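Q: Below is the structure I would like to discuss, written out as structure tokens.
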Amino acid sequence: MVTQQEISDAANLIRRGGLVAFPTETVYGLGANALNADAVAKIFELKGRPRFDPLIVHIADVDQLVDLAKVIPPAAAELIERFWPGPLSLVLPKHSSVPDIVTSGLPSVAIRCPDHDVARTFIRATGVPISAPSANRFGMISPTTAAHVRQQFGDQLPTVLDDGPCRIGVESTVVSFVESSDHRPTLLRPGGVTLEEIQAVIGTIDIKAQSEGNPNAPGQLASHYAPTTPLTLVASDWVMDDSIENQKVGLLSFQTHSAAAHFAAVEVLSAKGCLREAAVNLFAALRRLDEMGLDSIIAMPVPEAELGRAIMDRLRRAAAK
Ligand code: TXA
Ligand code: MG
């Protein structure tokens, strides 16, 4: 539970140019006043994030959008109507009020309105838009509890609004409207709102494969969300060999797996095979395996549809060297 006092203290800290970790429905964010370049610089410093990886700006209410985005194409308006507040970030042409450091100098800005009462009450109390990446050190596993945030930053980040575990568990879907001159929508990152849900509203959209991503934007880079233990994403017809029993190997599986007894540790994402439940459990399960001193982790694939797209995207990046 987060008290009104904690929220108003956190909002004061933001107005003084400080950093606050706060919960959202996807993962915990590391927030600063998006209109204060010096405050935003502290995010990059604390995370160890390269300056060329742009941040998402979080708003409490849709009416804050017009101060940040210069153009709102009709399809973007339809997505906002249907999915905000929610786990969907839209990349739109930016107003000059958004400092370059937020967007890494790009002429566009990613914006989202989180579907989380504490997040929105906090943002509203600051009176400004809040730029926030996931509250983890650069390239590490995203935090889905306040304890994960504290583990990463300790005393370096005293203010963490703790509202328990995140309801979705994977980051927002990022859809860009600046990839083409006619503002056609393009999926940049699969996330909490599924491609199927988006296409049900605005029809087929372009998908920017990871390999086509801007090599200067680490959010699009292969290696990310990485545990320190080597992780291999295997195919669904994977067959166990002796190495599993001769080494300390952990298994990250979607449902229960017939070979589970042979592993040193097992995390099942959803015994009943529910992708939503698997997404909620994904990052915490990865963390638990990573903390066990294993030689390696074998991750089984999940069906690549609906939320399974976001899960597979994160597993591929966790497996990338
Ligand atoms: O669910 C979420 O989106 C979480 C919570 C805290 O809201 N935030 C999050 O932020 O995942 P971060 O920084 O970990 O990921 C931001 C992603 C990156 O892939 C970045 O490259 C992309 O958004 N992005 C931000 N601004 C962009 C822009 N102007 N153009 C293209 N991609 C952009
Ligand atoms: Mg992140």
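Note that the numbers count up from 1, one per residue, in the order the chain is shown.
Note: Cβ is positioned from N, Cα and C throughout, glycine not excepted.
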Q: Per TrEMBL, which one of ARG112, ARG120, ARG184 shares the L-threonine site with THR26, HIS58, ALA132, SER142, SER172?
A: ARG112
Q: For the L-threonine site given as THR26, HIS58, ARG112, ALA132, SER142, SER172, which other residues of the same chain have their Cβ within 8 Å of the site's Cβ centre?
A: THR24, VAL27, GLY29, ILE56, PRO87, SER89, PRO114, SER134, GLU171
Q: Quick one, of the binding-site residues ARG112, ARG189, which Cβ has the fewest other Cβ within 10 Å?
A: ARG189
Q: Given the binding-site residues ARG49, ALA132, SER134, return the subset with CB under 6 A from an atom of ligand 1, ordered by sequence, or none if empty.
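A: Near ligand 1, sequence order: ALA132, SER134.
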Q: Pick the one among the binding-site residues SER142, SER172 whose Cβ has the fewest other Cβ atoms within 10 Å in this structure.
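A: Checked SER142, SER172; of these binding-site residues, fewest Cβ neighbours within 10 Å: SER142.
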Q: How would DSSP class SER142 (L-threonine binding site) in three states?
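A: In three-state terms, SER142 (L-threonine binding site) counts as coil.
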Q: These are the binding-site residues: ARG49, HIS58. Which one scores highest on other Cβ atoms within 10 Å?
A: HIS58
